[in-house]
């Protein structure tokens, strides 16, 4: 494990941490409008992730309404959660082309449409399309911009800002569980989904708050200074893979793209000036041509950045630690999602419905989850604490709880384990910070899109797998054991790969010193 945050900046190639400090801080970085971005992201997490964490209520209604197996019915919730995250890489392309604000507003409309259309479902398969796919894609188009914008607006308080914004998941799970339970009781599940669709239109307002930083403001976020000899040595010792993953080798194509843009627009302006004496129709045609040219250049530039991040010379997959992070994400998220989807059924099996109605176990997870994100964020921002170490410790605690939960058959025992699950899962607020440390701010949107895509695959297959195991064994025990063991495999990858890379870096430094 690493001793400090600087180690992550060195070993994982965060060039922003190597001998740099802000000289002329922008008032909107770490302050000002940045806190409006946090508020917007907080509301997005309430409306999207909070609602998804409360789907256990609707899952029971669907089981009773459509009389299908638990495994098949669980696919509705899994599709919604999974697609929200799986579409991450493609949403990264939208962000590169259209920006976070436009992407989020379109996503808010799609999400609301999915909820409203689901109110008219005649079978489970109809819900696959309306709720799973339509609402899921809309959720993904809002969720990724909400995370990326917080990363762009914060430098020194990244972990705290991400922690505060992602506490919306906990608040949302608590509020939406109570709201959906009330709406289903009073109006039925169909009307409840219709009302929830109307509420989801507020996502468009959240998207409108995501005011983009100008290129100048983005450049001012990190201002390079002349560092000490030690920092310079660290900078020179970065591996080729690390430099590529931070996009340093990708600066030349970007300059060429800017030159091409100036050339195209310049020629259009020249034609426009030369044609001022022409007819009004010709001028209208020139202005239309100029608009189309600007749009074409923007789309080409966005696609080039997206393509280079995945397949070009600056591919993120050349960073081995980032690849290990992806493998971890493939196994991790299902271990958190399975309890939320299946806890109501487990409570019913153990005849604990009376106690659970007083204080639902999912609400315990949600409430403690709020404190976990904030506390872990504050701890990670301390200069003497490594974000990576906090992240790993939280993962170890969570996997232990997942393996222990089936052994608890009393309400008190389940409540204690659920509280620990809620607190340790607060590491979700650290995921964008760790991702940014791995690849840098420039590639945060595309890199985090890959990570949440891996999480989405985990969420997509986790709950149906648990339901399928229950249909065979009539128990959820094996579902938690298998999910916990797979989660442990992912954590082992996180531990091994950074150690291997650190060892290789030391050997390379030793060889260079001998030469």
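Counting starts with 1 at the first residue shown.
Every residue gets a Cβ built from N, Cα and C, even glycine.
Of the listed segments 160-180, 223-243, TrEMBL assigns transmembrane segment to 160-180.
Which of 7-25, 102-120 counts as transmembrane segment depends on TrEMBL, and there it is 102-120. Packing against the transmembrane segment (478-496) from elsewhere in the chain are residues 324-325, 327-332, 334-335, 338, 342, 392, 395-396, 398-399, 402-403, 405-406, 462, 465-466, 469-470: each is 6 or more residues past its ends and has a CB under 8 Å from a CB in it. Across the domain 'Major facilitator superfamily (MFS) profile' (37-502), the prediction's mean pLDDT works out to 77. With a threshold of 8 Å between CB atoms, the same-chain residues lying at least 6 positions outside the transmembrane segment (75-95) that come near it are 48, 52, 55-56, 58-59, 62, 103, 124, 127-128, 131-133, 135-137, 139-141, 143-145, 148, 302-303, 306, 309-310, 333, 337, 341, 445-446, 448-464. Contact between the transmembrane segment (33-55) and the transmembrane segment (126-148) is supported: at least 3 Cβ pairs lie under 8 Å, counting only residues 6 or more apart in sequence.
Only residues 6 or more beyond the boundaries of the transmembrane segment (126-148), in the same chain, are considered here, and those with a CB under 8 A from a CB of the stretch are 40-41, 44-45, 48-49, 52, 62, 75-76, 78-88, 91-92, 94-95, 100-101, 103-104, 106-115, 117-118, 120, 162, 165, 193, 203, 206-207, 210, 432, 444-445, 448-449, 452.
Residues 34, 38, 41-51, 53-54, 56-58, 146-147, 150-151, 153-154, 192, 196, 340, 360, 362-363, 365-370, 372-378, 381, 422, 426, 428-430, 432-433 of the same chain sit 6 or more residues outside the transmembrane segment (160-180) yet have a Cβ under 8 Å from a Cβ within it. Using a Cβ-Cβ cut-off under 8 Å and counting only residues 6 or more beyond its ends in the same chain, the transmembrane segment (192-210) has close neighbours at 36-37, 39-41, 43-44, 47-48, 51, 58, 100-105, 107-109, 111-116, 118-119, 131, 138, 142, 145-146, 149, 179-180, 183-184.
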